[in-house]
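What TrEMBL records for this protein:
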type	residues	note
SIGNAL	1-24	signal peptide
TRANSMEM	48-68	transmembrane segment
TRANSMEM	80-101	transmembrane segment
TRANSMEM	121-138	transmembrane segment
TRANSMEM	197-217	transmembrane segment
TRANSMEM	229-249	transmembrane segment
TRANSMEM	261-279	transmembrane segment
TRANSMEM	291-310	transmembrane segment
TRANSMEM	331-350	transmembrane segment
Amino acid sequence: MASTPVKFISIFFLLTTFAPQVLSVAPEECSTETGDCINKSKALTLKIIAIVSILVTSMIGVCLPLVTRSIPVLSPERSLFVIVKSFASGIILATGFMHVLPDSFDMLSSQCLPEQPWHKFPFTGFVAMLSAILTLMVDSMATSLYSQKHNGILPESVGGGHQELGVVGGGGHFHGHHHSGGIKEGAKGAQLLRYRVVAMVLELGIIVHSVVIGLSMGASNNTCTIKPLVAALCFHQMFEGMGLGGCILQADYKLFKKAAMAFFFAVTTPFGIALGIALSKTYKENSPTALITVGLLNGSSAGLLIYMALVDLLSADFMGPKLQGSIKLQIKSYVAVLLGAGGMSLMAKWA
């Protein structure tokens with residue numbers, strides 16, 4: 001991924017993190033958690049269980065597509081891979097619409113925030129819109145920059161069973177064969193660049209919202225909330241990981257970069273939980289700064305995830321030659337999208 005787009009999007013998230021400290025005006029003290037469900041020691045045990053279980057399920061989810069090269073029926077050239085990827089894309093879409101975006105609305109419309117400006121302007125929709133536009137800019141500009149940078153290195157098409165391709169950001173080259181499950185025979189070098197940009201931008205968006213989710217869980221001592229959230233997050237991380245793993249597989253990175261991307265995805269939510277535990281004495285969920293910071297980050301993540309799911313995952317696949325060439329496969333893929341989005345929407349009841 002180009003350093004300029006990464007810096008650009010990083011600056012955006014930093015601004016959404018520190019801007020609330022300037023904009024917030026502390027209202028009257030909001031009520032803290034009380035009731036039978038508040039049990040600090042039991043909550044800590046549940047959080048430790050959550051860290052381990054989410055780490056394992058995340059790793060399984062993101063690594064599962066990466067081992068499909070050795071399973072012919074699940075290789076990227078086969079129809080089953082497209083159907084599974086559609087299912088995972090539906091989960092990512094529902095994550096943005098049904099989990100992250102509503103959370104942002106709730107936080108930025110909280111009664112703990114001052115009336116002006118937070119109750120007078122729809123900040124969640126505004127930030128999500130800006131995030132989607134920014135993602136489009138990064139997506140488009142990164143693809144253009146890499147296409148220009150590697151012009152003449154990446155072939156326009158793969159002419160035979162063996163080809164040599166420049167590796168984006170890898171500083172070298174690799175050799176591929178049409179039977180290796182890597183780049184599909186006849187695909188253009190530009191498509192490889194697109195896969196790599198998509199994988200990196202999607203990973204960035206997932207990492208941001210995963211840390212936010214983990215932080216909120218780690219800082220809470222409400223056992224009634226944590227129990228169902230552990231199961232919901234395990235399901236969520238596994239299938240979201242499958243979507244990301246499919247993108248990493250299509251990007252055809254070298255082993256080290258695949259392992260690094262899988263590792264960072266798997267550890268972000270557990271890291272967020274651990275960070276929440278460490279900050280539980282100072283981090284207050286209902287404080288204005290926490291509500292605004294997390295709310296804006298959630299809005300940003302929602303815009304990015306919705307854009308990526310609709311444009312770079314679903315639209316790219318459904319308008320591509322493979323699905324356009326088969327109405328039957330399109331129908332199966334649409335069913336998979338609806339199942340993934342529907343299942344994730346049901347999880348919103350507990351998460």
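Here, residue 1 is simply the first one shown, and the rest follow in order.
Each residue, glycine too, has its Cβ placed from N, Cα and C.
The model shown is predicted, which means the values in this text are computed figures rather than measured ones.
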> Is it the case that the transmembrane segment (80-101) and the transmembrane segment (229-249) have 3 or more CB pairs under 8 Å, with pairs at least 6 apart in sequence?
Replying inline: yes
>> Ranking 48-68, 197-217, 229-249, 331-350 by the number of C-beta pairs under 8 Å to the transmembrane segment (261-279), which range is first?
In response: 197-217
>> Can you tell me which parts of the same chain pack against the transmembrane segment (331-350), counting only residues 6+ beyond its ends and a CB-CB cutoff under 8 A?
In response: 79, 82-84, 86-91, 93-95, 98-99, 102, 228-229, 231-232, 235-236, 239, 314, 317-318, 323
> So are the transmembrane segment (291-310) and the transmembrane segment (48-68) touching or not, going by 3+ C-beta pairs under 8 A with a sequence gap of 6 or more?
Replying inline: no
